[in-house]
Amino acid sequence: MEDRAKMTGSSLSAGRFIVLAILLTLSIINVPSVECATSVGFYSSSCPNVETIVRQRMEAHFSSDPTIAAGILRMFFHDCFVTGCDASLLLDSSAGRPTEKDAGPNQSVRGYEVIDDIKAAVEEACPGVVSCADIMAFATRDSVSLAGGPNYPVGGGRLDSFTSRITDANILPSPTFTVGQATQSFASQGLSQDDMVALLGAHTIGFTHCDLFSDRLFDFQGTGQSDPSMSPSLVSRLSGVCPSGGGGSIAVALDQGTRDVFDSSFYTQLTQGNGILQLDQELNEDPSTAGSVSSFTDQGTFFSAFVQSITKLGDLNIKQSPAQGQIRLQCGRANPPGTQFPPRKPPVSASPPPTNPIPTPRSFPPSTPSPSSRPPVPRPTPRPQPIPRPPVPHPFRPHRPRPIFIPFPIWERQQHRRRPIKRIVKPSRKPSRKFSKRFTKKPTKKFVPKKHSRRTQRSTKIIFWH
């Protein structure tokens, strides 16, 4: 008995080990790898202005059409959810080869021309460096930020796929899914149920059409009545907008609170029964997701969860080796087979060697400092030159230029000119007393007349001016 019990216990432990091994193998096979392989600042040396260029182009498109933010965000989700973030959704179909762009769920995806415009601007600055998948990731971040959402860091390093198949888009979740079906669809791509609820919060911006929810208004599940989980006021309001016969291309905002602002109003509307799509409203009705909806009504909690989930989505199944992907020169088509990876820039022609030999720099002994090591000689600071100022006009009369003086002609000026005439007068041998007193030095104490000698009298000359 003891041996049988030991054998039974050992067989049970072996069976448990086999079951755990099978479950681990299935989890490895079915769940894709979501390890973060991108790096923030990937283009800091090869193309440092790429995120600035993407931001500027997105601001230009958003200013002309604010609804483009929802289109870029939906494009990013439809691309990453299928085969990873590899820009396979951007490839155009060729003859006999339809791509993901032609699939039914992607017929209403918009924003291809925006990505092409951004790609052209990036190629002009950094040709053959940035992939279309990274441009789409940067543009999605900027779309969320411009609409009022968080501005989160985005890593780079993704490559673009070589091909795209229309059948790959069949795994996209349908808006008519139940919460259980949607949870299973997200789990197949390595995303949890909390990631699903956070990513569906992107419906806070954007529109849908009446043909996707008209059954909730007029014939829910064949009952001939409206969906009981839908608010009666919303049913009456939308019944006058959407046709009762089904179909219709009339656009209706997914967020009945703030349709163009990225905030937590979407979850608040779900708690009030104002969800438009069936899957959105069931998030609040299902017990497994109702708690997340209630917590995401707080905007800070929603932003934190959304950044974590959108970053996780952007790192799904990315391609990084040349055998897996390439850097497309145009996002709509793959590069020709002969294109190098990555495309190299045209080589710079080498300049011819100089004809004159370059002199060898003179070496200095260790004790003698070289000219480059000598301290620079301080130069005098140049004195600031005065700024020429215009003449200040008179306060009472306007400023007039001074007239130029034009003199008389030479012949006319000489008539009025009087030239001096010199006359030399020699005194007589015996000058008078009056004349002698005139040329006598003044005495210092007492006047004593003196007689002049003949030499002094003869040498005296008087000049008169006529």
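Just so it is clear, glycine is given a Cβ too, placed from its N, Cα and C backbone atoms.
Those TrEMBL annotations? Automatic predictions, nothing curated.
Residues or ranges marked as signal peptide by TrEMBL: 1-36.
Looking at the domain 'Plant heme peroxidase family profile' (37-335) alone, the prediction's average pLDDT is 92. Residues annotated as domain 'Plant heme peroxidase family profile' in TrEMBL: 37-335.
The feature site 'Transition state stabilizer' is assigned by TrEMBL to Arg74. DSSP assigns Arg74 (site 'Transition state stabilizer') to a helix in the three-state reduction. Listed in sequence order, the residues of the same chain lying 6 or more apart from Arg74 (site 'Transition state stabilizer') and placing their CB within less than 8 Å of its CB are Val109, Gly111, Ala202, Gly206.
Per TrEMBL, the feature active site, proton acceptor maps to His78.
Here TrEMBL flags His203 as heme b binding site. Residue environment of His203 (heme b binding site) contains 25 other Cβ atoms, counted within 10 Å of its Cβ in all protein chains. DSSP assigns His203 (heme b binding site) to a helix in the three-state reduction.
Around the Cβ of Thr258 (Ca(2+) 2 binding site), 18 further Cβ atoms fall within 10 Å across all displayed protein chains. Residues annotated as Ca(2+) 2 binding site in TrEMBL: Thr204, Asp255, Thr258, Asp263.
TrEMBL lists 329-400 (among others) with the feature region 'Disordered'.
Positions annotated as compositional bias 'Pro residues' by TrEMBL: 339-395.
Sequence annotations record features per position, and here TrEMBL assigns region 'Disordered' to 426-458 (among others).
Apart from the site residues Thr204, Asp255, Thr258, Asp263, the chain places the Cβ of Ile205, Gly257, Arg259, Asp260, Val261, Phe262, Ser264, Ser265, Phe266 no farther than 8 Å from the centroid of the site's Cβ atoms, the recorded Ca(2+) 2 location. Note on the binding-site residues Asp255, Asp263: the fewest other CB atoms within 10 A surround the CB of Asp263.
Most buried of the recorded positions His78, Thr204, judged by other Cβ atoms within 10 Å, is Thr204. Here the CA atom of His203 (heme b binding site) lies 7 Å from the CA atom of Asp255 (Ca(2+) 2 binding site).
In this structure the C-alpha atoms belonging to Asp263 (Ca(2+) 2 binding site) and His203 (heme b binding site) are separated by 10 Å. Reported as a whole number, the C-alpha separation between Thr204 (Ca(2+) 2 binding site) and His78 (active site, proton acceptor) equals 17 Å.
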